Amino acid sequence: FASVIYNKPLTRAQDSCSHRCGELLGTCSCQVTCQSLGICCPDYNEFCLQISPYSGSLMGGKDFLIENTALNTSVLTCRFKQKIKTSGYVDKDGKAHCISPLLYETGFIPFEFSTDDGLTFPYSGTWLSVHHSKVAEGEKCTLVNETKWQYYGTPNTDGNLTLSWTHQALAATHINIEVWGYQETGDSYSENWFAEWKYLYTLARETPNTGIFSFTPVPAKANYSTWDFGILRITPSTYSDGQSNTLSVWSSAHALAWHLGEDFRNDPNAWATAKCVEWDRKEEKLPNFTEEIIDCPCTLAQARADTGRFHTDYGCDIEKGSVCTYHPGAVHCVRAIQASPRYAAGQQCCYDSTGAQILTQDSTGGSTPDRGHDWGSPPFMKPPRIPGFSHWLYDVISFYYCCLWSANCHFYMKNRPSSDCRTYRPPRAASAFGDPHFLTFDGLNFTFKGQGEYTLVESDLTSLRVQGRTQQARFPNGTEAHVTGLSAVAMQENNSDVIEVRYSEDLNLEVLLNQKVVNFSEQSWMDLKGLFLHSTADQKITVMFSSGSGVEIRGSGGFLTLTVLLPEKFMNHTEGLFGVMNGNTEDEYTFKNKTTMSVHASPQQLFEFGANWAVENGTSLFTYDTEFLLNNFFYGEKHNASFLPVFFPYEDPADPLVKEMVSLCDSDPFCRFDVLTTRSLQVGNSTRLSHQNHKQLVENLEPVISCGWLDHPTNGRKEGTNYLLGSAIRFICNQGYELIGSKERICQVTGVWSGDIPNC
């Protein structure tokens, strides 16, 4: 801890941060917390780098500025992950720049640079590598009318193609446009399976850098026209063809219809059909990944509530007007966040306007699982885990073969059938908000008004720990009330990164990743170690751990509102203030030593229960990077025993606030409590909304019974596509056929359809 040297007299020679960023040294610190504590080594800013921009596509080629170092050298070597070297340069102001490399992974990538021709690399920082489709559009070159590029050569699609880009992005008068192809070679699901982006040929040389280029595509030379998935790269024409890790602007990855050979152009349908049939044969030899992917939530409400395991599929988003090109009839789709354990496969779930799941067995708008998860999955680097591109190879280009360039979609749907929801189990939710009120996983609620740092939930299943700090409320007028609220929440699972969300001393919401403040100005989604992190425009922070557990935090009225979602496997594996998750409220108040207290305990007894769950310095996940935090929470008691809260706020009928409180809160006890203790209707309203949101969430996560998909009889049809409890499916035979069996079957509470299988 930086606090160890906080009060040391500095006598001997100062240590240096050269090669030592992130370390605590004998006389000073090279840790990120040193700046606010004022204990940095004198050369901290020289060696521990801040960069701008801090992120870019995993395809590389982006120029970033190293902000805090002025150099008097012109030769610069940048090195990523201690092995990938790219050339840097020093601009006329003496500022250093690096070019990001092509990476086969996303997330924070360590880099260093050298000024002595690669002998030593004393300067270090991190670069955020991002999924290619999550990069801002202005950073890529645009395939104008992208559909035309990807259908070129099919009936009624010919003529010119146009490429546009921001010409200022490349400091060059002339540029080259190159074609690159992507392939994965070797034996599927083995150690010798490799991913490769390969330079194919140069489409245009020495073209003026005007920001626009039009051409009439011709079939590529024989050996290149077999590449059907790839990308374009624009580079200054001073570089040699295909030179790696140079300044570049990439297009989006796309189906290369426009350069395919004469055989495709002469009969696209026959060419694509042959490709589709070949893909189908290959699929039959590959392991069946659908057996291990998570089942879909049964309803749209469940899918949007299970934020630890499912996230909006941006290709079909109800909040952006439900433009669902690949899923006609759907209003919203979600993707499973984590790839499946063995095959790194992905799940997708789509829903119609009634909130019911759409299955491919009923409609081409149904949800299709993915052999390659679109977002990739750690440790990335090897197929089928490459972000975006493995998915294209197994699930997207094959969709072009079978569904878009030919009419063989039944082959695709056979290999990518929707999962129904018969084995889906919703997670359980616990929340804390206001003058802290706690709603446990099993549905008990209580108020604990301690001041300190406490274990909210801990699990031996995955070493999940979520800790909360409560502080005395500070109100804009400067008064402190005898009220505490959540001011910081820190969390970790197994050996994942540590995330902390807190109110800073000037009441701004901050997110810390391993003690360093995260900046969401360029990226709202980050792939981190053991978790994904997402921030919305209105500052709702979601942490999605690899176990499927999720934590949601938002600031409201000066306090944090926290929700923790845990999948069913955590049953009987939790302890802390959120109780023992097992469906039984009797043992909610379980102490560290496993003794329990009655659920009818008084507020004073609950105060003792809460105090028992104070964290210790050795296991604290919090960052103590200010004098205030060090003195009050690091050196001070973890539970402030001298702070005595108001246990029973008094409702004075003559108090003018009481009348307003009644009209605001109605019968909500938490809202009434907080208005009385804080004397603030705004705090009461925040509490009321948080309480409402929690009740709505619990309702949305109620289990739903599904009886599973029913087929229509041969020589007949069916009416109805909802397979949940109480829904009916009717069967009608074609003319000249008679129905034997049940005309109508109803989904029963046992999860079984009534009646018998109909035959015509």
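These residue numbers are counts, starting from 1, taken along the chain as shown.
Backbone N, Cα and C atoms are what each Cβ position is placed from, and that goes for glycine too.
For CYS760, the disulfide partner named by TrEMBL among CYS733, CYS747 is CYS733.
The Cβ of CYS733 (disulfide bond) lies under 8 Å from the Cβ of PRO713, ASN715, GLY716, LEU739, CYS760, each of which sits 6+ residues away along the same chain.
DSSP labels the residues of the domain 'AMOP' (268-416) in these numbers: 53 helix, 17 strand, 79 coil. Mean pLDDT of the predicted structure over the domain 'AMOP' (268-416): 94.
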